[in-house]
Amino acid sequence: MELNQPPLPTEIDDDAYHKPSFNDLGLKESVLKSVYEAGFTSPSPIQEKAIPAVLQGRDVIAQAQTGTGKTAAFALPIINNLKNNHTIEALVITPTRELAMQISDEIFKLGKHTRTKTVCVYGGQSVKKQCEFIKKNPQVMIATPGRLLDHLKNERIHKFVPKVVVLDESDEMLDMGFLDDIEEIFDYLPSEAQILLFSATMPEPIKRLADKILENPIKIHIAPSNITNTDITQRFYVINEHERAEAIMRLLDTQAPKKSIVFTRTKKEADELHQFLASKNYKSTALHGDMDQRDRRASIMAFKKNDADVLVATDVASRGLDISGVSHVFNYHLPLNTESYIHRIGRTGRAGKKGMAITLVTPLEYKELLRMQKEIDSEIELFEIPTINENQIIKTLHDAKVSEGIISLYEQLTEIFEPSQLVLKLLSLQFETSKIGLNQQEIDAIQNPKEKTPKPSHKKTPQHERARSFKKGQHRDRHPKTNHHSKKPKRR
């Protein structure tokens, strides 16, 4: 491999060096042409640090959050160094089929002018069809662990000596129970392969895996504080548990997002919320792990093509999705941890565009949100759920259907009230019952628990959102199996 970059240090933090352009990174003209045609202007921090290291043939361990441009960080140097020798030269292992397809699309796009051929291997697709694709001599294979291991055990992949192996979203593979599969897969791989490990977090099992499979790696760390950038406005709303679905509907009405993702904790919850929104005539679709492959792909395509503008999804199913134009992210519940929160809100505010991240919390989740806010070192603003405004009431009245029972009730009420008086009373009642979430006095009581809790206010709240800012807190050795390759020595 030709080395056209100066020697690199063994550790690179996100404050090192000035920011170069893609032209400074050592990429070929044909690759640069695809980069600029794809709309890239300058490298992200992870791309700036990783691309030269990969081009030099060094093993890399990189810690960076989802949404930082990791795919291009390993894809561009891989594409740059392909030899087109009719073998699988690079292997990318990733936790989910959606992410595998996303990476395959990205490599195809970035390899446009080098005619890069890829194959995507994942569960839920015909084994026979995958074998047919593999026989067409792709240069890059993108695979999920389970299906890849199945192909290797059954000796369905020939000419399999990848020079570069990428582990993407390594911590997610750990969470999904794939670590044993990963270690077994490495028994089939050439010991001299260049290994690139990418992970949002570095739990101990991932560190131990890195010690086993990486040789004198370049270490790259992009601080999480770079993720919660100023392009993403972060808000939260305090609600009662039973108000979640109504709160999402109200916020969709008042925020009017162009395209939004609503994250739920469970598959059942995703289905229920999607069905609720669809019943209210929202263009909604769902995405979760219990859906079959055809339905999952249909949901993603509907969202990409704007046939649906609300995607209700679980964390795992949406991992790695890179869909442009997402203006809003909603957390139906407070995420279970900071990593999940950062991953979720990273779906918006991309490529220099503005985004909005909104989280619904109950009074019981309030303290956990404050803890999370300190960890991400970013301000999250508190807002009240807006009340229904005049335009919404007019639209509701316009769309309402009048039944015979309502006509009968109207006749009874007009015997008691004048028609004009009746309308005023019904409108007043509508405004009173339209309130969702805690009002300002109730929220103040949560913020200052030592003070006497005021009685809930029944006065009409203003018909606009009132912001209240929160202050931030003070605050390889490998043992190769015999496949169709000869035995390989341990990597030291």
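Glycine is no exception: its Cβ is also placed from the backbone N, Cα and C atoms.
According to Swiss-Prot, the feature motif 'DEAD box' maps to residues 168-171, out of the candidate ranges 112-115, 168-171, 440-443. The Cβ of LYS70 (ATP binding site) has ILE46, ALA50, ALA62, ALA64, ASP168, PHE198 as same-chain neighbours under 8 Å, each 6 or more residues away in sequence. In the predicted model, residues of the domain 'Helicase ATP-binding' (51-220) average a pLDDT of 92. Counting residue by residue with DSSP, the motif 'DEAD box' (168-171) contains 2 helix, 0 strand, 2 coil.
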